[in-house]
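Chemist: Dropping the structure in here first, questions after.
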Amino acid sequence: MEEINKTPKQIVAALDNYVIGQNQAKKAVAIALRNRYRRMELSAEMQEEITPKNMLMIGPTGVGKTEIARRLAKIVHAPFVKVEATKFTEVGYVGRDVESMVRDLVDVAIEMEKQQAYSGVRAQAVQAADKRLVKLLVPAQKKQAKNNGNEFQNMMNMFSQMQNGQTPNVDDSSNEEVTDEVRNQRLSVADQLKTGRLENSEVTIEMDDPQQAAAGNNNMLGQMGIDLGDSLGALMPKKRIQRTMPVSEAREILVREESEKLVNNADIYHDAIVRAENTGIIFIDEIDKITKGGQQGSGEVSREGVQRDILPIVEGSQISTKYGPINTDHILFIASGAFAESKPSDLIAELQGRFPIRVELDDLSKDDFVKILTEPKNALIKQYIALIGTDNIKVTFTIEAIEAIATIAYKVNHETQNIGARRLHTILEKLLEELLYEGPDMEMGEVTITESYVNERIGNIAQDKDLSRYIL
């Protein structure tokens, strides 16, 4: 609740650190976020009646549509998913169905809840992980296995833990034969771990196979809300692999495993669904490409059919996920598109009505390019200065050089294809190509990028329309 309790002015001020201009769009999203907080302050009966006012952002590529939505979600710690409308297919065709965007949102919310829960038990998890590291670094001899009748009980305990989505708690300390020598060595290693003297030492650990987890997440049943891995996980234990890595890296893997044992997954799943329902943001990009005015080949799947499939989700419906049903009534949907070859009215009327707030983003001017290069927290020029700085070269840009870069970006955008701020990436890569290549072998410690330096390297390319079309 505290996270979304920000005034519209505070939200806009936070967005100003990352996105230049586009004040109208910033105001619109800030109001939408504040309305979420206002809704939560009302009675339960009134909360059900108030739905978010979904938004349609209209503007060319590279002007900040996606960045505004992405930064907005980070500011209020909301689950955020970006999808492309063109990736979906109409029900009945092979491909991703539109409901998968909601399931992706739930996955993001669950990871956020897990991180929050894990941070609460981290101190305990680190202690347990360090104990495991000590045993791995100083292994003891295994006792002779005895058939004492407890193996069946241990197997049933593991079965129960896996059914509840928990990592089986396998404690093999009772199977170790710890001599006085091993005990003393372990005490010494434990002390060295605490003081950080073994962080770069190599250790071999057993961990879940990440490839198996990735394969389980990509199956078609998962897209329908059925997790085959979860269903069979209790019968087929996770595949474990051995890897050798530094202690610092191994500790983080073991801390996560120990954290999983200390938290209640059922609570995490419930809280994640509530979070996704009330604070989730789904950004649907390229929605203009599924309109009647968009380019369509005769063999393409009906784009209007995709619109009709999106409609019930945006209107509010219940979607089945492997963690339980989720209601989309209060999820905020932000759609965006350039609408260069179509217009918003080409969307089906029902879908238009579900995006009542429309914001047109401005094209970027030369002054905007100058600000983009210098003002944001992690401005492009700051990024390149930091990158080249790793080669012990101090790079500085004169004001005239920055203005020359901005002028070239503006000119090339308007003479070829307008790709907005993304043009700056292309120009800076070409401009600094020699420094990035020669940097590690250069002896000079300082380089100043001047206007003449800019004109010498990319001025001629910018003047030639054919060259700039292919190079910049």
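Glycine is no exception: its Cβ is also placed from the backbone N, Cα and C atoms.
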Chemist: Please identify which of R122, R132, R422 is recorded by Swiss-Prot as part of the ATP site containing I20, G62, V63, G64, K65, T66, E67, D285, E350.
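Modeler: ATP site check in Swiss-Prot: besides I20, G62, V63, G64, K65, T66, E67, D285, E350, the record includes R422 out of R122, R132, R422.
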Chemist: Among all the protein chains here, how many other CB atoms are within 10 A of the CB of E67 (ATP binding site)?
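Modeler: Summing over all protein chains shown, E67 (ATP binding site) has 17 other Cβ atoms within 10 Å.
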Chemist: Fewest other C-beta atoms within 10 angstroms of its own C-beta: which of the binding-site residues I20, V63, E350 fits that?
Modeler: E350
Chemist: Taking only the residues the record lists as binding ATP, namely I20, G62, V63, G64, K65, T66, E67, D285, E350, R422, what is the largest Cα to Cα distance between any two of them, in Å to the nearest whole number?
Modeler: 34
